[in-house]
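Written below as structure tokens is the structure these notes are about.
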Amino acid sequence: MLANKWIADLLAYLDRSNIGNAKIAGMQEALKLDSGSYAWLLTIFYISYIVFEPLALMWKIIPPHIWGCFCVLGWAVCGTLQAATFNWSGMMAVRFFLGAFEASFAPGITYLLSFFYLRNELGLRCGLYLSAAPLATCFAGALAYGITSGHPHGISSWRLLFLVEGLPSLVAGVATWFLMPDSAETAKFLTEEEKAVAKARSVRQVGKDQNVRIHGINGRDVGHAILDFKPWINALMYFSCNVSFASLPVFLPTILAAMGFSNINAQGLSAPPYFLAFLVVLVSCWFADKTAQRGFTILFLSLLGAAGYIMLAVSSSTGVRYAGVFLAAAGIFPCIGNILPWVMNNQGSDTRRGTGIAIINVVGQCGPLLGTRLYPSSEGPYYRKGMWVCAAFMLFNGFLAMLLRALLVWENKKLDAKYSPVIHQKGGEPEEGEENEGPRFRYIL
């Protein structure tokens, strides 16, 4: 199940961000794009993403294997059609629908994982799923280098790039129909004994059978989640990270080219920083799960990312600036990987988790609207203003992480005073609804 989602997410990020590689492979000249029109190609994707994000609710209405297949096939067609565009308006239309299909898929996956894993297991699984983003960007750079350095005859390098990176999603869409389970009870890869264990874990999580969980929405819990400060702070953190998260993959090849590397070498050099980010996502999510210290983990990653952007902003040395790219990538992507499970860690019921994911995505996905406009051509070759803005938002993200952690410590102390510390309580499974506010529920810091 997780492998299927991971591959689909990898291909989604590949189809979303390869426009940055296509730009320096000849697309800008072929479509007669200036700095402003290129920025709109990036912005329209996120406008569509925000508008169509409520379609993630379809995961609760249509069986996941059907809805997932529809979404993957949809963005596969759009990603491939980017190769067939001949002007700016055509590319704008394709990017709009690409955002719509990806918005209908990705936010619901994180929520779906919470149905199968306990709170102390969710971070690593989200990290495994979200690690597809940096690996996709790494893969995009390496693949773009191979395609654009081959000098293909009969088709432009940038068109071939969209074709080669878009077609695999068609295969993934068909595979999703057969491999994505609708629930633990229908998962073909589980034995009957494993299905029974999965069902018991589901009941243990919130005291409800999984079938009730998937198809029911508790209006009272929706209201509680909306009025809760925690998902809103998480949403501001997600917004802050997304300013950098959305801009780095699509502008990094341009930034590297501005350092003096050839366009072809810039494609290849954009890959190593993202491979480091891929490794840091996995390690940081595992560490935060084991220590239950997600706030401190995010603080460290935010400072790491900010340091990278500061190096890019203040230095003119190619070596120092390239090292800054490694630090920036190693801070941004793992922050995202830890923020998303944190909002679900601290919302007890499924409805509250779903509402929290909706809040964090609607607010957070507004970040790219700013991020995609931070690197106009007029700011080259150093793009110092964009670097300083990204550094400031990473520092703000670290501040928010510490603020939320302090508030959660205060909330846990109130629960200890009301029910006595968990360590002094008798063992046993939580009663139904206890995970919302009961004696054995404590917030993960």
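Easy rule for this one: first residue shown is 1, then count along the chain.
Backbone N, Cα and C define each Cβ position, glycine as well.
Sequence annotations record features per position, and here TrEMBL assigns transmembrane segment to 38-59, 66-84, 96-116, 128-148, 160-180, 236-259, 271-288, 295-314, 320-343, 355-374, 386-408.
Among the listed stretches 66-84, 128-148, 160-180, 236-259, 355-374, the one sharing the most Cβ pairs under 8 Å with the transmembrane segment (271-288) is 128-148. Scored on C-beta pairs under 8 angstroms, the neighbour of the transmembrane segment (355-374) with the top count among 38-59, 66-84, 295-314, 320-343, 386-408 is 38-59. Under the criterion of 3 or more C-beta pairs below 8 Å, with sequence separation of 6 or more, the transmembrane segment (236-259) and the transmembrane segment (386-408) qualify as touching. Long-range contacts of the transmembrane segment (320-343) within the same chain: residues 110, 122-123, 126-127, 130-131, 133-134, 230-231, 234-235, 237-238, 241-242, 244-245, 248, 252, 255-256, 259, 269, 272-274, 276-278, 280-281, 284-285, 288, 294-295, 297-298, 301-312, 353, 356-357, 359-360, 390, 394, 397, 444, each at least 6 residues beyond the stretch ends and with a Cβ under 8 Å from a Cβ of the stretch.
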